[in-house]
């Protein structure tokens, strides 16, 4: 009995010791190995989980809605609740970010907007004022807009003055596109302005050769012959970077073309490209323009000879145009505009001038009939010529019309000049290369501070070289 009691006591004490050990170790394990940070007691949960309820056939009516919201959140689209929460947070953040500095900035911004509005209204009202002078009215081309405070007159003055603010982009860079003319003793009688594209040259493109540029037939003779009567100015409609080399090829010795102007010297008016001859620094009464675009001569139509664009085919229009231009330059004309306007169709001026010349020749023969009658009669001059061995055929010639004499003289001068160019061509090319080498050494700093070399500087260098060669 006693023995059984001792065994029971040992068993109970062992159980109690084991229970005490177990109770003391559980909190220690929970403290060091649990990842939960919330120390509050967990709420009791039902053993009936969603999986068990689904297997048993029970479904939650709110489950589709929750699933749809879950799918939306998984797809990256916020749910309605999240949207409302986000809007509330943004509104709170905005109210919280509105500081006194922000309020001050808003006040200054509102004051700036108000000042800009008032200044704009005042500026518009000032530009609607009456013309300050007749010079301003003429300069802004507002002759048809009178002074007054009628709405249409005020709007007209406002439009003209606003348009003048943007003339920087539509006007040429310089008021005088050409330097002053040469002294009277060295000056050509007239100035001939000719366009480049589709009059003197024509550019064409194809898949085999690409871009090709051709000279019009008779161009060299046209420029060389008329250069003795006219100051020739090529006024192209294309940009200088594209046309400058072409002009250099047409006149490699700089013997025919006095100046070359390009698109940068044109004026933009009402969306049109206009060549304003009044900016050439030449007398308009002694200036002739030959162009293929109607917009080019819209400001001086009386000075223009319109021509049809050349398409690259063979023609002799330039050569046929020489007699009229030669006649115009060799006559004592003070103003060429009345003569040009006397033609019915200036685009057909070659044919009309040929008809006028034929009538003039017939009239001259009638008026000088006695000269033709005495041409074939024997006289003392024929007898002396036969004694000297001069053929009588060279003496007994029909009298020549003054126009024919002028043309013979012009042709003779042209031939002499061409001969001179051929003989001195290497010398001209060498001098030109020396000038390029001399002025090509100009540094960028010198070009910015002193500018490009002028014509006087180039002439001075040429004179110094000529003097050095003579010594």
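The backbone N, Cα and C atoms fix where each Cβ goes, and this holds for glycine too.
Note that the structure is predicted; figures quoted are calculated from it, not measured.
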Notebook entry, point to check: Any idea which of 94-110, 111-127, 128-144 is down as transmembrane segment in Swiss-Prot?
Noted result: 111-127
Note to self: Averaging the per-residue pLDDT over the topological domain 'Mitochondrial matrix' (105-110), what integer do you get?
What the structure shows: 91
Check: With DSSP, how much of the domain 'FCP1 homology' (185-328) is helix, how much strand and how much coil, in residues?
Finding: 49 helix, 43 strand, 52 coil
Notebook entry, point to check: Tally of helix, strand and coil residues over the topological domain 'Mitochondrial matrix' (105-110) according to DSSP?
Noted result: 6 helix, 0 strand, 0 coil
